[in-house]
Ligand code: ADP
Ligand code: AMP
């Protein structure tokens, strides 16, 4: 099964992706994680991506689409994949469609007014990428899954989050209509406990 996770920054895509990927045995492919890994390793892609991710802008489509196309050709995607954070505009959606079709597009719906607090309080594991929120960490500084150190992403600050939400509204939100027209859209209420949201996803995928 080929699944796309759609939703604004902070809607809970990464959080749900961990669970979906485990239950349905699909590789979790996050373009944001791919860019952060390249930035850390200072690869040519990382050097190019850094100025865009730091400002909450989209990395150019040619680079992003090339990376995703290459990744989806890997052996572990033969039985499906879970895309998180791609596509993010119409060009990317059309490019993806030229080499792979989505079976289900999960649109995790959260009111934009809730996202600033979710993102500015997010802490991420530097080893496995798991997301947490300071409000629920009770002072813990390491990852529950792997023991890795938690850090705050450089783009999880008020100014950059503002830019990211604007980019989402202008460029990514139109994909809801795009996938609805293709009859693959599943709307998921993303407000509620993490396990409740996951149960909604499992029910929608049946
Ligand atoms: P995305 O991948 O869509 O940007 P994340 O999964 O990283 O979003 O979640 C963003 C923040 O919101 C994190 O701090 C995460 O712990 C928190 N979060 C995720 N799901 C929920 C939820 N159902 N309710 C409240 N907070 C959540
Ligand atoms: P995310 O981890 O999904 O919040 O993405 C972090 C940042 O990576 C974004 O703000 C963009 O700068 C970049 N990025 C991630 N996915 C894409 C994409 N599909 N197209 C362009 N830029 C992306």
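Including glycine, each Cβ sits where the backbone N, Cα and C put it.
According to TrEMBL:
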- 10, 11, 12, 13, 14, 15, 122, 131, 132, 192: ATP binding site (BINDING)
- 31, 36, 57, 58, 59, 85, 86, 87, 88, 92, 153, 164: AMP binding site (BINDING)
- 122-155: domain 'Adenylate kinase active site lid' (DOMAIN)
- 30-59: region 'NMP' (REGION)
Let me check the 10 A CB neighbour count of residue 132 (ATP binding site). How many other CB atoms are there?
17
Just to verify: the residue among 122, 153 with the fewest other Cβ atoms within 10 Å, which of the binding-site residues is it?
153
Residue numbers, six or more beyond the limits of the region 'NMP' (30-59), whose CB comes under 8 Å of its CB atoms:
13-14, 17, 67-68, 71, 83-86, 88-89, 129, 153-155, 160-164, 167, 171
Reduce the DSSP letter at residue 31 (AMP binding site) to three states and note it down.
helix
Cβ neighbour count within 10 Å of residue 12 (ATP binding site):
23
Suppose we screen the binding-site residues 31, 59, 86, 88, 122, 153 by Cβ distance to ligand 1 with a cut-off under 6 Å; which survive, in sequence order?
122
Taking the binding-site residues 10, 12, 14, 122, 132, 153, which residues show a Cβ-atom distance to ligand 2 below 6 Å?
none
Taking only the binding-site residues 10, 12, 14, 122, 132, which one has a CA atom nearest to the CA atom of residue 57 (AMP binding site)?
10
Sequence-ordered list of residues in the chain of residue 31 (AMP binding site) that lie 6 or more positions away and have a Cβ within less than 8 Å of its Cβ, or none, is 59, 64, 67, 68, 83, 84, 85, 86, 88
Per DSSP, residue 88 (AMP binding site) is which: helix, strand or coil?
coil
In three-state DSSP terms, residue 132 (ATP binding site) is classed as strand
Per DSSP, what is the helix/strand/coil residue tally across the domain 'Adenylate kinase active site lid' (122-155)?
4 helix, 11 strand, 19 coil
Entry from the binding-site residues list 57, 88 having the most other CB atoms no farther than 10 A
88
